[in-house]
Amino acid sequence: MMDNLSSATEFCLLGFPGSQELHYILFAIFFFFYSVTLLGNMVIIMIVCVDKRLQSPMYFFLGNLSLLEILVTTTIVPLMLWGLLLPGKQTISLTGCIAQLFLYLSLGTTEFAVLGAMAVDRYVAVCNPLRYSVIMNSRTCIWVVMVSWLFGFLSEIWPVYATFQFTFCESNLLDHFYCDRGQLLQLSCNETLLTEFILFLMAVFIIVGSLIPTIVSYTYIISTILKIPSASGRRKAFSTCASHFTFVVIGYGTCLFLYVKPKQTQAAEYNRVASLLVSVVTPFLNPFIFTLRNDKVKESLRDGMKRCCLFFRD
């Protein structure tokens, strides 16, 4: 325990409970997940940049989403892996803790904004295809992405500032594998109820606010698809949205589970599982969702592999 008149200048991350043997097993599993996440999302970014068939708004947004997935998981996972290898507690400075939490929340918020933009893009493509190239031109797409990134980082300045305005005098032990906001608030010796409620409202605004254009877009998309007379036409129209819709269900589901709750200071086990879903599992699934369910991406990957084989044969 710390002196009640002082505040923590560094935190000890307790990480995962269990024996060192279990930690080595978890390290192997999460290292595999992290490696596949980096490789898969980097491949998506590369083919979107190189393949002319993928030079469209949908894949431009997908490239940004893959970049965000790489950054989100890299903010959390390397420190987590290091903690699994080292026996005992993993320390992080107050500055490092602030930076980690700010980057994690900012990148996550930016991802929600990009997902909302992707939903609107799919709405225009399905419901207004003749004007698609006019509405979703390159200038509009770049502007939307820039605003998404700006909104993501600016919107999280106050929540992170408010979190670290408290005096952490209860302890400096964080029962988590990263600087989780809920665990930080538990260490405060100040009254946090009002701040927690404001943070809850902001989480609702950000997550539900970006979910509204997605719900509205898919309502119109489904309505339009059902009016297509042929089964093959309906299947083709829905295939252009299936990957994004799957990712939205997984991404929003896990984040609603983690952040949209009035009480930020939940049990450590609850936060650990939910955080793993957001920072490890969802970025890992992203390349599979957008490659296995997208014919153009699969075709581009096949062509790329053929070129690599020919290059190495020569």
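Glycine residues also receive a Cβ, built from the backbone N, Cα and C atoms like all the rest.
If you look up TrEMBL, you'll see 40-290 marked as domain 'G-protein coupled receptors family 1 profile'. Residues or ranges marked as transmembrane segment in TrEMBL: 24-47, 59-81, 101-120, 141-161, 197-221, 242-260, 272-292.
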Which sequence positions outside the transmembrane segment (24-47), separated from its termini by at least 6 residues, show Cβ-Cβ distances below 8 Å to it?
16, 18, 54, 62-63, 66-67, 69-70, 73-74, 77-78, 80-81, 84-85, 280-281, 283-284, 286-288, 290-291, 297, 300-301, 304
Applying the under-8 angstroms CB criterion, which one of 59-81, 141-161, 197-221, 272-292 scores highest with the transmembrane segment (101-120)?
141-161
Please report, as numbers and ranges, the same-chain residues at least 6 past the borders of the transmembrane segment (59-81) whose CB is under 8 Å from any CB of it.
13, 15, 27, 30-31, 33-34, 37-38, 41-42, 44-45, 48-49, 90, 92, 100, 103-104, 107-108, 110-111, 114-115, 117-118, 121, 138, 141, 145, 148, 177-178, 247, 275, 278-280, 282-284, 286-287, 290, 296-297
Segment-level pLDDT (mean, integer) for the domain 'G-protein coupled receptors family 1 profile' (40-290)
86
